[in-house]
Amino acid sequence: MGFLTVLKKMRQKEREMRILLLGLDNAGKTTILKRFNGEPIDTISPTLGFNIKTLEHNGYTLNMWDVGGQKSLRSYWRNYFESTDGLVWVVDSADRMRLESCGQELQVLLQEERLAGATLLVLCNKQDLPGALSSNEIKEILHLEDITTHHWLVAGVSAVTGEKLLSSMDWLIADIAKRIFTLD
């Protein structure tokens with residue numbers, strides 16, 4: 001029995017996943033996490049550091065790390081990469097001015113060795129706002145079709161209304177589960 005098989009068996013008992021939420025500041029990471037956890041979203045302030053939520057969903061324990069996206073904090077993102085099973089990249093669909101920067105930051109992340117193999121979910125948030133770009137437009141602008149190193153999905157969501165948030169997170173969890181809880 002190989003080392004990876006032993007690790008998978010240990011993780012299978014725990015049914016635990018580590019999910020990292022990243023994106024530029026004001027993209028809606030904290031709002032998404034609170035909405036997903038069933039918490040009120042009326043008082044949210046910028047994340048100056050990180051939030052950790054542990055919650056149960058579909059029979060799994062999810063350790064969700066919401067890390068601040070301000071430019072001054074991005075150099076610290078690498079401190080959170082270890083043992084990440086899923087990466088949720090949150091995009092502000094209404095912030096056309098920073099889409100190029102958003103794409104550049106994502107490309108840097110995808111080259112990180114410690115994130116190799118992590119499932120990627122790109123959430124195009126704020127779909128409820130007038131003028132928000134569609135998930136297809138963002139997929140094109142961010143060149144997501146070029147990603148071959150990760151399983152990925154792009155989804156248009158609204159953290160405020162909850163639109164498509166649950167189905168997107170369910171996809172992420174199912175994809176991670178197939179990868180880390182299935183013994184070959």
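The backbone N, Cα and C atoms fix where each Cβ goes, and this holds for glycine too.
These features come from Swiss-Prot:
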LIPID     Gly2  N-myristoyl glycine
BINDING   23-30, 66-70, 125-128  GTP binding site
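Cβ-based crowding with a 10 Å cutoff singles out Gln127 as the top-ranked of the binding-site residues Asn26, Gln70, Gln127.
Annotation note: Lys29 (GTP binding site) sits in a helical segment as assigned by DSSP. When secondary structure is read from DSSP and collapsed to three states, Gln127 (GTP binding site) falls in the coil class. Residues near Lys29 (GTP binding site) in space but far in sequence (CB under 8 A, at least 6 apart, same chain), listed by position: Leu21, Leu22, Gly23, Thr47, Asp66, Val67, Gly69, Val88, Val90. Other Cβ atoms within 10 Å of the Cβ of Gly23 (GTP binding site) number 23 in total over all chains. Residue environment of Val67 (GTP binding site) contains 21 other Cβ atoms, counted within 10 Å of its Cβ in all protein chains.
When secondary structure is read from DSSP and collapsed to three states, Gly23 (GTP binding site) falls in the strand class.
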